[in-house]
Amino acid sequence: MDNRGFQQGSFNSFQSSSSDEDLMDIPETAMDFSMRDDVPPLDGDIEEDKSYNGGGIGASNRMMDFLEEPIPGVGTYDDFNTIDWVREKSRDRDRHREITNKSKESTWALIHSVSDAFSGWLLMLLIGLLSGSLAALIDISAHWMTDLKEGVCTGGIWFNHEHCCWNSKNVTFEDRDKCPEWNSWSQLIISTDEGAFAYIVNYFMYVLWALLFAFLAVSLVKVFAPYACGSGIPEVLSAAAAAGVSVAFGAPIGGVLFSLEEVSYYFPLKTLWRSFFAALVAAFTLRSINPFGNSRLVLFYVEFHTPWHLFELVPFILLGIFGGLWGALFIRTNIAWCRKRKTTQLGKYPVVEVLVVTAITAVLAFPNEYTRMSTSELISELFNDCGLLDSSKLCDYENRFNTSKAGELPDRPAGVGVYNAMWQLALTLILKIVITIFTFGMKIPSGLFIPSMAVGAITGRLLGVGMEQLAYYHHDWAIFNSWCSQGADCITPGLYAMVGAAACLGGVTRMTVSLVVIMFELTGGLEYIVPLMAAAMTSKWVADALGREGIYDAHIRLNGYPFLEAKEEFAHKTLAMDVMKPRRNDPLLTVLTQDSMTVEDVETIISETTYSGFPVVVSRESQRLVGFVLRRDLIISIENARKKQDGVVSTSIIYFTEHSPPMPPYTPPTLKLRNILDLSPFTVTDLTPMEIVVDIFRKLGLRQCLVTHNGRLLGIITKKDVLKHIAQMANQDPDSILFN
């Protein structure tokens, strides 16, 4: 291009692969800013010349503007195409403005205006109700299906183990988990629960049910997953994410903060209010259904009463370091495995992979009671603050005390059950670490939050019990004697489990604020915020030192989604002209002119290209930008015109102007497509710093922006061009960035 604003080095770039967002080069034409190409006749001229209609003298009705009424499909998007949210927000504002203006015309219009104003809140209400109801159904079903792998209730097959024994009249408090109505599979099949053969029968049925449930889950995913793919409305997705976390952890405020911190790149006040409302309704719905029968929203809700001490920040920070190391290890190994799945034959057999991993998991899990139980039950047991009536092995302490404060138990020496539980938990930790690496990313919702929390909770409980016994046997050490006397309740192992869970979840997801609030809402105690903050920040710092990406960001990059991460700063001094297309020696940019192209010309361009849209210019000589038109809108509009208007032929002229010049008589009718033209496409100048361009793409969710110089169209920058440029600046091969 003959332009002083360009430097030779700015054209040293990479060749883009063809995609639906790429556009081609523009002709190297002389700049012409004359007004002769797009100045419409004055109103007086139109009044004097009644034939001004684009169809020639005597053809007063031959100018076709068929877009006065909306055409189905215009303004919509093809599947798996990036949505231009700036354009959609503008259209939505125009729609609201039109409805508001009409509301004064009639009572029905006023009702329509009111219903439109409340439609968003009604949608949030429905999202909250459905989220809470589905969460309750999932909680009840998951508990029942977990117990079904071990046995069945003869008093009613729909009862899980706990509810079965609740209804029994032949059960004691000490043996509350054993009742005649609950039978293991060996009791049903061979009428005994003793001996090696009974163990084998129970083992076999456990693996069989696990495989059956896994096949059911992967079949449901195969059927319904395609409907969940593609884009969604950001406000609705933000509210749904908040509602989901609200019911998963019983943390409505934490859910809103999670949506703000991890999900949304654009979070205005309206979205904040509506997300909070959806989370509130979801939590209220779940609480009303009460799936656990204890008036709690989650199975592992806990309350601690013993305060923590300053010295305990040291083990809490150690848990944070472990969480960061676990997060970095998990992300690297999981991404390596998922990449292997995508690049080998393994990825072609997702159902087989799920069944094989399920079989291996079930075979390894059954012998250990802590791997055999559901992960939520395991976390609940690890968080538990042991009392006198607890029958868990984790609470099998030797009771050598005479008196204690009301509601408190002093630190006690560990019994045989605690030591047995320790080595079983150590084996459980190893299995959870390995299995989670292979299961996340499979074609089944295997989860990330709960498995990561389980890894941290196990580690925290092991460390907590160790600290508890150290304080009991060595309370006279300098680190203990100032705050831990003999017979006092000094250490709470359940608190260590909770801090470890937060640390490991933070190391994997890099959550901070929302994570602390979620864990705070789980415990209901303000005094434990400092340990949680210390562990969460430490895990993030350690994990960031070993790798900047969280697990979600890593999978976005692995799957090739064109997503701009808002947390990374662009610190390079490049300009828009260094990134835009076209580059020197590239093909010419495909553009449309506002009043000189026929239907055949436009259809030829559409058939020979795959671009999602085209800039519209005044003329090929001036290259003055008029607007931007989407490919899909062009196709639908032309097809509709051919069906509804007689005489539209390949030689009909297409106009993107407000007025069309007089045409000779007996010429084909012209098509006026100005209504599908975006007259305010986002533009930047060629000297705009890329730091600003990247910020614009992130905060506005643009698909593309046009590059101009003194009003003349020079090129285009798409989101994929920005991502490739960021990769190039990071010394990565830009052609290795693949987009799905």
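First residue shown is number 1, and so on along the chain.
Each Cβ is built from the backbone N, Cα and C atoms, and glycine gets one as well.
What TrEMBL says about a protein is an automatic prediction, not a curated fact.
These figures come from a predicted structure and were not determined experimentally.
These features come from TrEMBL:
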COMPBIAS  1-18  compositional bias 'Low complexity'
DOMAIN    580-644  domain 'CBS'
DOMAIN    676-736  domain 'CBS'
REGION    1-22  region 'Disordered'
TRANSMEM  118-138  transmembrane segment
TRANSMEM  203-225  transmembrane segment
TRANSMEM  237-260  transmembrane segment
TRANSMEM  272-290  transmembrane segment
TRANSMEM  310-331  transmembrane segment
TRANSMEM  351-368  transmembrane segment
TRANSMEM  421-441  transmembrane segment
TRANSMEM  448-467  transmembrane segment
TRANSMEM  495-520  transmembrane segment
Legend entry - Stretch among 118-138, 203-225, 237-260, 272-290, 421-441 sharing the most Cβ pairs under 8 Å with the transmembrane segment (351-368): 203-225
Inset, instruction - Quickly jot the same-chain residues contacting the transmembrane segment (272-290) by Cβ under 8 Å, restricted to those at least six beyond its ends, or write none. - result: 120-121, 124-125, 127-129, 131-133, 135-136, 235, 238-247, 250, 252-253, 255-256, 259-260, 297
Inset, instruction - For the domain 'CBS' (580-644), jot down how many residues DSSP puts in helix, in strand and in coil. - result: 24 helix, 18 strand, 23 coil
Inset, instruction - Decide whether the stretches the transmembrane segment (495-520) and the transmembrane segment (237-260) have at least 3 CB pairs under 8 angstroms, with pairs required to be 6 or more apart in sequence. - result: yes
Inset, instruction - Mind tallying the domain 'CBS' (676-736) by DSSP state, helix then strand then coil? - result: 26 helix, 18 strand, 17 coil
Legend entry - Other parts of the chain folded back onto the transmembrane segment (237-260), taken as Cβ under 8 Å at six or more residues beyond its ends: 124, 127-128, 131-132, 135, 267, 271-272, 274-283, 285-286, 296-298, 301, 449, 511, 513-515, 517-518, 520-522
Inset, instruction - Mind checking which residues of the chain, 6+ beyond the ends of the transmembrane segment (118-138), have their Cβ under 8 Å from one of its Cβ atoms? - result: 235-236, 239-240, 243-244, 246-248, 274-275, 277-286, 288-289, 291
